[in-house]
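Undergrad: Questions regarding the structure given below will be posed in turn.
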Amino acid sequence: MGLFMVRPLATEYPPLRLTPGHYQRAETYFFSSGGDDLDLTRVLLRKFRDQDLPCADLNPQQKNSSCWRTDPFSHPEFQDSCGCLVWYNQKGFHSLPSYLNHLNNLILWQHLSPTVDWRQYGITLYSHPYGGALLNEDKILESIRQCGVALCIVLGFSILSASIGSSVVRDRVIGAKRLQHISGLGYRMYWFTNFLYDMLFYLVSVCLCVAVIVAFQLTAFTFRENLAATALLLSLFGYATLPWMYLMSRIFPSSDVAFISYVSLNFIFGLCTMLITIMPRLLAIISKAKNLQNIYDVLKWVFTIFPQFCLGQGLIELCYNQIKYDLTHNFGIDSYVSPFEMNFLGWIFVQLATQGTVLLLLRVLLHWDLLRWPRGHSTLQGIVKSSKDTDVEKEEKRVFEGRTNGDILVLYNLSKHYRRFFQNIIAVQDISLGIPKGECFGLLGVNGAGKSTTFKMLNGEVSPTSGHAIIRTPMGDAVDLTSAGVAGVLIGYCPQQDALDELLTGWEHLYYYCNLRGIPRQCIPEVAGDLIRRLHLEAHADKPVATYSGGTKRKLSTALALVGKPDILLLDEPSSGMDPCSKRYLWQTIMKEVQEGCAAVLTSHSMEECEALCTRLAIMVNGSFKCLGSPQHIKNRFGDGYTVKVWLCKEANQHCTVSDHLKLYFPGIQFKGQHLNLLEYHVPKRWGYLADLFKVIENNKTFWNIKHYSINQTTLEQVFINFASEQQQTLQSTLDPSTDSHHTHHLPI
Ligand SMILES: Nc1ncnc2c1ncn2[C@@H]1O[C@H](COP(=O)(O)OP(=O)(O)OP(=O)(O)O)[C@@H](O)[C@H]1O
């Protein structure tokens, strides 16, 4: 716009006095008849000495009349004329008016009374130049510049609206939207408040844009009602575009993809449609063809379904209106059309307002859960599928036989299959489980085992492919998990990815979620303060989340899940990234909640954490439970035997010697792996083996170069590693069917 301010210097055209004196070689002849009274004066003024007077200039019909060349006054027409004649050369730009005026002066002086001094009388003729042609060129260039500004505005607002619209995708992707819904924020309220806030934010930008337009005095957008029309057009563009973006937000996997897609779509819908319509319009103006004009009219109507086209078209129409006005204004014609007229921009305003209202209503009234495929509810008397593990089978039977009266959360054959490019990915397969109040249930499994998908089904983020989950209300009624809020059952959720706003402080987060939970305003400082204290967040509570470390963010996420004393706690790897000290505080907090009657479901990769917190746990492999029970029960069942760790004196490839000798004494021993000079073996539990183990290793300690060694009962971690290797073997055999599935794969220690 600054560059557009650079304009050619305005040319001054001074008024010019018109006299024959401008033509220096002019000669004047006076022929008079009628004596001194000059009642009839014939005047011939000739500009040049040239005797060949241009006959054609006076009358084309007399072009070849020779009499004109010799004696023009003898011509009959001349005789009948008014009595005065002025001849002029048309090549002199001002010759006609100058000489004619001079003639008039002569006539004037002739008619003056002889008593007056004729020198005091006379007609003075001035030319005040219009300069219209140059002015028009300037105006047209100015208008073309303003069309350029209009395109820049379309471009800028495409990017602005895309950046505002993509924030809801971020909310969904990081789980902040789900967290707010779980904490009590309704869908309608979410979309409505989001729209209000985004519109407010957008209108600030509109005001700034209008201020810039006013500052640069772009007449196409500021003249008369144009400023109001521009402001309204920009505002309505946001009003129509934001709900449209909200409706599309679901399909984007990340806010960056959403931003790029929105900007691209805005360009395609805005600039391409404008180019498509400009073609027939220009051709129609040039060729005056009616059918091209019809094509333009039809396209114009069709494309109004795109708010981007409406914005571009509206701004260009304002420029076009201004060009028309500027060109006709100098001729005294006011061709300005009010932009609010229906057949001008009025229809665009109506169209944008209608679109915005309809799309906003659709967004507020429809939510994804309503559009979801009806869930395949299993009946309570469903068939118990034969499972490999007896504990898992026992739990399924308990669930389907209805022995879950004390359980607050019950899952019935919950499954989730994802579809990706004709591939069916089984994330979770038929899990059935009942969790009573006061139990902390742990979900263990390697990456990709299906833990997070189970959580997503429990918090309503994804719908199960089959099966369903119910919760029990305080009255003892079983209701679908999605109706938990309505049924008065509070669910606290700590997502795997921190669903926090980088700009808010810890206090502000807690204050906001306390409000969502419906905690009375006067109790909020106490509730928030208690959580901050329990999770040791005091030092960070007043800092923005952007400055938090990973572990501190996890603490705050857990604190948000605990707001309002939830009945069910869903904790997805709550302690990841925390230091051991913070972990202990977190465990204490969770333990306290569980002891007070809360049912918690926890996923973790820390066996220590599971052993410390979980009353029961299940290990998931490829989406299904492979074992279920208390940590000790699982260790007893699957951790059969002892783990022998041997540290050799020096880093030598001696494990063959040690392994061979150990195999001689204990034929069932399994070599699990080596890390530097550490060797690890699993010895199956047989009567008398423990004493024998000590005896054999002690006797050969020097001979085998053993620095030190340890023998202990197999830990939960080793049980987990065994199951993990099962998942890896399955993966391996899926990728390479030729691989022998019975071949033993040892994981590194
Ligand atoms: N949106 C999705 N589309 C397709 N496949 C998916 C999707 N989400 C998860 N999966 C697949 O489902 C399986 C289970 O994934 P999930 O995230 O539940 O594992 P997880 O046990 O939580 O892993 P982690 O410990 O890494 O969080 C994986 O094979 C994963 O690739």
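Even glycines carry a Cβ here, placed using N, Cα and C.
Residues or ranges marked as transmembrane segment in TrEMBL: 149-169, 199-220, 227-247, 259-286, 344-366. Marked as domain 'ABC transporter' by TrEMBL: 409-647.
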Undergrad: Six or more residues out from either end of the transmembrane segment (344-366), which same-chain residues have a Cβ under 8 Å from its Cβ atoms?
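TA: Residues 187-188, 191-192, 195, 229, 232-233, 236-237, 239-240, 242-244, 246-247, 304-305, 307, 310, 313-314, 317-318, 321, 337-338.
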Undergrad: On the 0 to 100 pLDDT scale, where does the domain 'ABC transporter' (409-647) sit on average?
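TA: A mean pLDDT of 89 is what the model gives the domain 'ABC transporter' (409-647).
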Undergrad: Any chance you could find the range in 149-169, 199-220, 227-247 with the most Cβ pairs under 8 Å to the transmembrane segment (259-286)?
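TA: That would be 149-169.
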